[in-house]
Amino acid sequence: MCGIWALFGSDDCLSVQCLSAMKIAHRGPDAFRFENVNGYTNCCFGFHRLAVVDPLFGMQPIRVKKYPYLWLCYNGEIYNHKKMQQHFEFEYQTKVDGEIILHLYDKGGIEQTICMLDGVFAFVLLDTATKKVFLGRDTYGVRPLFKAMTEDGFLAVCSEAKGLVTLKHSTTPFLKVEPFLPGHYEVLDLKPNGKVASVEMVKYHHCRDEPLHALYDNVEKLFPGFEIETVKNNLRILFNNAVKKRLMTDRRIGCLLSGGLDSSLVAATLLKQLKEARVQYPLQTFAIGMEDSPDLLAARKVADHIGSEHYEVLFNSEEGIQALDEVIFSLETYDITTVRASVGMYLISKYIRKNTDSVVIFSGEGSDELTQGYIYFHKAPSPEKAEEESERLLRELYLFDVLRADRTTAAHGLELRVPFLDHRFSSYYLSLPPEMRIPKNGIEKHLLRETFEDSNLIPKEILWRPKEAFSDGITSVKNSWFKILQEYVEHQVDDAMMANAAQKFPFNTPKTKEGYYYRQVFERHYPGRADWLSHYWMPKWINATDPSARTLTHYKSAVKA
């Protein structure tokens with residue numbers, strides 16, 4: 001996890017502009033570099049480094065002697081870089097995984113390069129020989145990327161929007177900043193004056209398509225067919241491999257553990273893989289919650305079962321409420337469910353950074369979207385409609401759960417790794433018949449649970465534990481986190497303010513006092529940037545007025561049972 005920043009065609013003093021780059025310093029606390037592009041006085045790169053791989057030679061922009069015309073600034077991890085290096089017999093100058101991007105690009109161009117990358121990434125690649133600039137982002141947008149571009153060709157790129165909003169440009173006082181779409185790359189012409197012109201924007205990968213790099217994977221051969229035992233065996237193979245490849249780091253590994261199905265499977269598989277790799281330190285797992293939190297109890301059971309070095313972080317409602325301003329600033333969104341769920345993740349990340357030496361943190365993000373884990377999937381009118389909704393959620397991850405996971409950890413200089421969003425695992429899961437993936441017998445994620453039923457990987461009661469949203473599970477059923485927040489904002493937002501909400505906030509007008517409060521905080525930090533969120537996250541098919549799972553009939557029935 002790092003922070004990248006780049007300008008092309010700036011008409012303001014670069015020494016002034018680069019102050020904006022310092023707004024993402026939290027993403028890379030280990031080192032910083034600011035470098036002008038040779039021959040272009042108005043083009044530059046900025047890089048904040050979190051040293052995870054090759055601490056000695058990992059600074060950016062990456063430049064190697066063989067390709068003096070290439071400049072690369074990227075944030076991410078390329079898990080198959082050694083496999084690609086060996087297969088194509090590339091001569092490396094460093095041990096940095098991102099160097100593979102330069103070699104692949106020189107060999108086959110940008111399309112082949114980006115399709116061959118197995119990992120998570122956001123990059124800016126400059127080729128001064130062909131006068132081209134390339135931007136690219138991974139399939140699910142696990143690594144963030146924002147851009148601002150004016151009609152006269154000024155381009156600014158950054159890992160977080162906050163690094164762009166204060167930039168100056170003579171022709172455009174208010175720069176339009178927008179997220180770069182996941183699963184896309186863009187080609188731009190670089191003009192002699194340092195400005196750029198967009199040539200094409202290409203969607204290079206659909207989430208259900210098997211990635212091109214699968215041809216070179218080390219995964220053992222999968223069995224053909226959709227018989228249930230065959231499918232379960234293939235899923236175990238792919239999930240184990242998804243975790244194993246993510247062990248690539250020179251820093252200590254930890255794992256978030258809520259006690260839910262997803263984080264428990266990740267933690268248990270991770271500990272198993274660390275033992276097989278003969279890592280010399282125990283796995284640290286981390287859970288957060290208030291008193292009487294069901295997550296804390298469940299996480300404790302899992303930690304005892306797998307034998308991890310477990311940490312429990314307690315917080316109270318006052319601490320959670322006090323963190324809201326920092327959380328919304330870090331997130332760059334005002335989405336209600338995202339803000340709710342981010343408070344606990346922000347506080348536990350803060351604890352990890354301050355009290356432990358774990359830096360690379362595993363988590364279960366992406367599973368609910370992939371495996372139809374949200375409770376409202378019980379109400380899907382058909383398997384096909386459930387499949388459509390699952391793919392929509394995956395396409396929008398970069399606006400919600402992936403955004404939350406990245407910003408709350410990056411705010412404290414941690415790197416998050418999410419095995420459920422592995423290309424091979426997710427594309428195989430999406431290739432299964434729709435009727436295999438829907439909830440069964442009143443239980444969501446039935447196929448995933450069934451896959452690991454006989455493995456003794458995690459306790460049976462956890463394997464079949466009903467879905468509990470992270471923002472709900474950190475508090476007791478009697479006093480849910482969303483209720484605590486709603487009680488607080490009741491005294492911060494009055495009825496007169498709500499009556500004027502549509503006039504004050506015509507776009508994405510908040511419908512509740514909680515939404516109004518978050519929007520106020522957001523506008524204070526990012527005035528006029530409400531369009532970063534296209535819509536609020538909300539369950540389908542059930543006429544929900546609140547995103548919390550605890551407001552749904554299915555959840556209430558499960559609790560009573």
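Just so you know, glycine gets a Cβ as well, placed from its N, Cα and C.
The record from Swiss-Prot ties Ile288, Ser363, Gly364 to ATP, and of the options Leu256, Leu257, Leu331 it ties Leu256 to that site too.
Using a 10 Å Cβ-Cβ cutoff, Cys2 (active site, for GATase activity) registers 26 neighbours. Taking only the Cα positions, the spacing between Glu365 (site 'Important for beta-aspartyl-AMP intermediate formation') and Cys2 (active site, for GATase activity) is 19 angstrom. Each of the recorded positions Glu365, Lys385 was scored by how many other Cβ atoms lie within 10 Å of its Cβ, and the smallest score goes to Lys385. Here Cys2 (active site, for GATase activity) is positioned 38 angstrom away from Lys385 (N6-acetyllysine), judged by their C-alpha atoms.
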